[in-house]
């Protein structure tokens, strides 16, 4: 603890004051001395110039020139040295030892130059390369001549290829020199310091060191060239460390799956063994040696695997968060750490260079291995640094020493920027010095500031107090000089402005903005701020530059232009530019209007045009996202459709994600709607404004508008939300306005739209689109003339203020109207009744007060957070420091209030220091808060190597597997969040609000970032399912009810009915969160996990599973369309020939009499006879269900193939279980291996399967997966699957409705995100060293969540505190006090939701935008977007309704059916039978007419009320005989030309003779005699085909009844819908066909739900006690099948009303 404190004081506090300089005891004297001299020079040089010379530009010139030369030299040398270490030639000097003295000519060992190309271990993390691991050969640099030498390239003319040797030996030299060319590819990677991390799915593409790469090249060369390498290898120049690095890199290459090793594994293994000879001639095993420490590779792997499941487990973008990634000093040595750091790199953290702690960088050399030390003494490395083409300098240097000296600038542009900033700092600082802005001691202080800014460009503070991430942050180095230049420039501008004397003075609210006194005071304030830079940067009040720019643009866009929050630096820049361009365009209209002559009772027309455009443009901007990529995606996808094509090499290329297309459609719809609506709005408000209503009706119009606005705002944003809260006004114990789901124990349907929700939507619509525009236009009309007068702001400035203020107020009103009514009412009352003399026109008053009120709300939230956090009666001390800090915080309450005010002005978080009661202000942040675009990447088979999947099972921890549910929850929220917010289901909301969604197992924090008009951009952070103890306590706090609390102080007198007790009401007021709603309905997955061990514990249960496994294989092989091809395959026939013998018995030890049902005890194995005795009946039944049944006798090829496959499948299961199927653990291991597709074909008898791998993929794998589901069903109904028909139907149903896959399979993720109704998986979790197998069952349904609104300042403060504590203060204690539970602030849950590695969420979503037009209920209330397609559909629908109405009006009362069919009624259900079934299926002419007519109707009236049923037949229409046409022909045909199959029915005599002659003449004219005759005479041909027809699965050809399609109905009660009736296994209802059954229910509807008011055709009905089984209802109510669009809805008859027959 003491050493850590000293390190923080040294590297944090002192380095922040000096700009980066501090004494580092872990570095050598040269490094520390050089740092000190540079810093003293930067400090004393300007001070000396100022004191020695007269203040003039000479000082500026000298100072800038020296600084430019110095930085140019240092940056150039630094860059060149890094370049030399990257691509320079390594020069190895081997000294020869002869009895303790150095001498001799050294003729035995000739120096050799090698050139290698290595893309390997160059500089992982910005400064660790292969040479860093043998640093005993490169002692620290000093200034003696021993460390460098100058030589001439004597071999410059010789080719430097791999096969050439180059000799460069000086006469009489005592040393042998080997030049090695190393070129390394540097990755910007860093080792993440954290206490929990995930698994990296994407290891670096190449981590092969130079020796190994060379060895692999050598392995592919001819023997003549290879002999050269043996010569070099045999020399003692190759130290054990180098040999060991070679072998270890070979093992790394093997694990990394690189192409070099895959091509020649035998050669690589030769390199890894025969090449490992040291100078003693011994064969060195695979060792990893660092600084003389030999580490066996096997031990190394075990050590790293104890710390992580995967050697690449450091990517901070992963959901896994439970593994520990620290390497403490007492558990693992420095050498292990460096080896692990080499192998664990994070390719995403581009801002980091080297994360190696200073106390680890130069640890003393261990003397564990004398031989290594002696080898180190004999070999010294140099690097060639070329000065001229033939002149080079040999540098005795290494990477770590160079990085300890100066920060590395990787690009030339970075070096140029650093030099320019250093010179700019010198120029601006010296100019301020010579002009006398500083005097006395402040000159030295200013020189200290200059030195700190310049020194940070050489060696920056790492980590800085405002750094958002661990490790080296490249951007933070530029923060100080950039801020210094900004402040100096601002000082000069203010000073110049204060010296200018001008007659035009602008005053606002009594303040002269152009007064020299005001400008001089502001200049002095900036000067003081600049002098305080050391303290400011130490405290961390200024962020890194990119964060500051994003924050500044966002604040300007929100408070000046009325924009929304930004999602990135690019979006902030885009938003501010968009606002500036808009203001510039509108300014032209406003300026032109103000230049015209204004009459007292007349407004210029141009100003009315300006007002109309202002409202329209504000409406459009409020509906657009700040992210330009969303807007650009639509035109780019049209112009360049190839951009949307997938990469064929992408493993997920086959997975179709519907979300991007939905988003594109939503954005496209919104753009079309805006195009139309903006034109309408502009014209409408222009017409209103030009009518002079805003002048003629004054002042009464203003009073009416303010009164309406106040009443509507109070009702919409205060009364209704309070009445709907869980605890209204913290007095009532339940909501006063309850939803339909409030008392439901389990929600089964989508949330019902209540009347008050519709009322809220319409009030919000009127408020945003009518009241606010009218109020603001009213103020524009009354204030414009006065603002533009010379007494105020004059025309130019007045026009600008009018444009900016109007745009800001209108955009804010459209985007977030929650608190606008309070601002407007307060402003009107304050400036018209209380202080009229202070008013600067109500327009500017509103503009100013809107900014002040936003800051006041922020101050209110901050104070509320502070008070609830430090309240003495509920403070929870997480550590001893908290108890110590609590009393010391009391005397500083006044300072705390000042901090709260200042932090509210600048929108900075107020965070508790180390989680205690002491609060400090953090640096400014945008609304998004987190500076990194962090989002979780799930580990699955698409981003891990195959070897990892088979061996280590990456991503098998619960957190990684459970993250998919939060991803699905994000998708659900994307569809419904914006609409639910507008319906008021989450209460009041504003930008930056935070909510917690809590259910049984899902706990997610939802951060609302950007809120626009009809759009919300949010981020979801999912917490662990089974969190820590502290998380569980806080989850209990937000889920427990307080209604039953009866306490009052210290007694329990009870409470009034429906009223909270005193203690409960008091406690709820002292929380930083509140429960908004307890039953928020959202579609998700209910998760059921059963222990596989308990379900397979007994041999009998394993026997059942194996039986289902075999039957599943048989089902899939017979159902496969490739069965005949397999039976004819010669390779398979040859492989199965042995099995075809009569006396063949498979005696494999895998088979077990306790598990295999067909085990033959007499033969001690499985024979064909025993197999057929059990499974032949099942084979024959499956074969009978084929379209073309095959021979399935006992000796047939089909049975032989089934036998071979079943034996192979069980043998694969035994192989995966290591031949120990009797052992439960081994059986589960094998079952899981087969479930994920890991089949190991180990027997020669099974190699025939390789003839077609589709047998494994399409037969055996589905068989093992389906057996798991059938095994689960066995527990609910043990004997149900004994019948082959039931089992066959069950497998078919599961195959259609159930997704069974491994959770690592990309298909699993695709199914979840595609809203598959049910999923099943077998999960293997390694939890604390124990293997646990779970059967996971997911069922999609509606979930109930509690919505908790958290004080957003509480969330921002706790997040900022965690970031500072872990990054700057380096507190890595996993049980630190700041994450202990605090129920009043939900401290643990909020801190757990931070970005990894600061927090440990299992899922962090990308920034996701939800649009209101994707919410079906909101579309039903307000109507969809006014797009061109919707307008066309509306016109077509209206036209068809008019035609229907006109047809009904012109009807003479007669009825086609009544007159032509002997009074046959459309309503007869019992008597009439299916009169057109054969007609539909087997009449060619009839079928053609039906298809043409139905397709015509469907295309023409798809969106109209005249829906076409799925039968393809038009419902019967009541129309006059004169209206018979092609459009109504199919109905007439089906009603009159059919014949019944039931002779007992009253309609059995129906024939063509019932058609009148006039109608028959019409039909003949339309169809011809052949068509009509075939239609009439071919009704019974359906009986000629008794076998199953594939057409029966097509609803178009389904058999429907005449009475089932005779009328339309409207749904009036969705509670009568039977959405799960098609899933019943007991077959209560006889459906018309199976395809119709699959389409009639929630499993087919997916995101669609029937709503009240929907209309459709009745296509089938079940009546109680019907004679016909196909029409018999299993309950005492009539059930209808209603066709609504393309969906089929089963509903009880009482839930609809009949609309009558269609006309």
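A Cβ is built for glycine as well, from the same backbone N, Cα and C atoms used for every other residue.
Sequence-distant neighbours of the transmembrane segment (31-53) (same chain, 6+ residues past either end, Cβ-Cβ under 8 Å): 18-19, 21, 23-24, 59, 62-63, 66, 70, 140, 401, 404-405, 426, 429-430, 433-434, 443-444, 447-448, 450-451, 454-455, 458-459. The transmembrane segment annotation in Swiss-Prot covers 31-53 (among others), and the record cites sequence analysis as its basis.
Note on the transmembrane segment (57-74): residues 41, 45-46, 49-50, 406, 418-419, 422-423, 426-427, 430-431, 433-434, 454, 457-458 of its chain, located 6 or more positions outside it, place their CB under 8 angstroms from a CB of the stretch. Look at Swiss-Prot and you will find 57-74 (among others) tagged as transmembrane segment.
Summarising the annotation, Swiss-Prot assigns region 'Disordered' to 91-126 (among others).
Taken from Swiss-Prot, the feature compositional bias 'Basic and acidic residues' applies to 91-100.
Beyond the transmembrane segment (416-438), the same-chain residues lying 6 or more positions past its ends with a Cβ under 8 Å from any Cβ of the stretch are 46, 49-50, 55-57, 59-60, 63-64, 67-68, 71-72, 75, 409, 445-447, 449-450, 453-454, 457, 477-478, 481-482, 484-485, 488-489, 491-492, 495, 527, 531. The transmembrane segment annotation in Swiss-Prot covers 416-438 (among others) and is backed by sequence analysis.
Sequence annotations record features per position, and here Swiss-Prot assigns transmembrane segment to 477-499 (among others).
Look at Swiss-Prot and you will find 525-547 (among others) tagged as transmembrane segment, backed by sequence analysis.
Annotated transmembrane segment per Swiss-Prot: 569-591 (among others), in sequence order. The list of residues near the transmembrane segment (569-591) in space but at least 6 beyond its ends in sequence, with Cβ under 8 angstroms from a Cβ of it, reads 546, 549-550, 553-554, 556-557, 560-561, 563, 606-607, 609-610, 613-614, 617, 621, 626-628, 784, 795-796, 799-800, 802-804, 807, 926.
Annotation comment: Swiss-Prot describes 603-622 (among others) as transmembrane segment.
Same-chain residues lying 6+ beyond the ends of the transmembrane segment (675-697) with a Cβ under 8 Å from its Cβ atoms: 601-603, 605, 607-609, 611-613, 615-617, 619-620, 773-774, 777-778, 781-782, 1426-1428, 1431. Residues or ranges marked as transmembrane segment by Swiss-Prot: 675-697 (among others).
Annotation comment: Swiss-Prot describes 704-721 (among others) as transmembrane segment.
The annotation region 'Disordered' is assigned in Swiss-Prot to 1475-1556 (among others).
Residues annotated as compositional bias 'Low complexity' in Swiss-Prot: 1485-1510 (among others).
Residues or ranges marked as compositional bias 'Low complexity' by Swiss-Prot: 1518-1556 (among others).
Feature annotation from Swiss-Prot assigns region 'Disordered' to 1577-1598 (among others).
Among the features that Swiss-Prot reports, compositional bias 'Basic residues' is placed at 1582-1591.
Residues 562-564, 578-579, 582, 586, 589-590, 592-594, 596-597, 674, 677-679, 681-686, 689-690, 692, 694-695, 773, 777, 780-781, 784, 803, 806-807, 810-811, 814-815, 1012-1013 of the same chain lie 6 or more positions beyond the ends of the transmembrane segment (603-622) yet place their CB under 8 Å from a CB of it. Beyond its flanks by at least six residues, the transmembrane segment (525-547) meets 12-13, 16-19, 437-438, 442, 445-446, 448-449, 452-453, 461, 464-468, 473, 475-476, 478-480, 482-484, 487-488, 490-491, 494, 569, 908, 920-926, 931, 1364, 1368 of its own chain at Cβ-Cβ distances under 8 Å.
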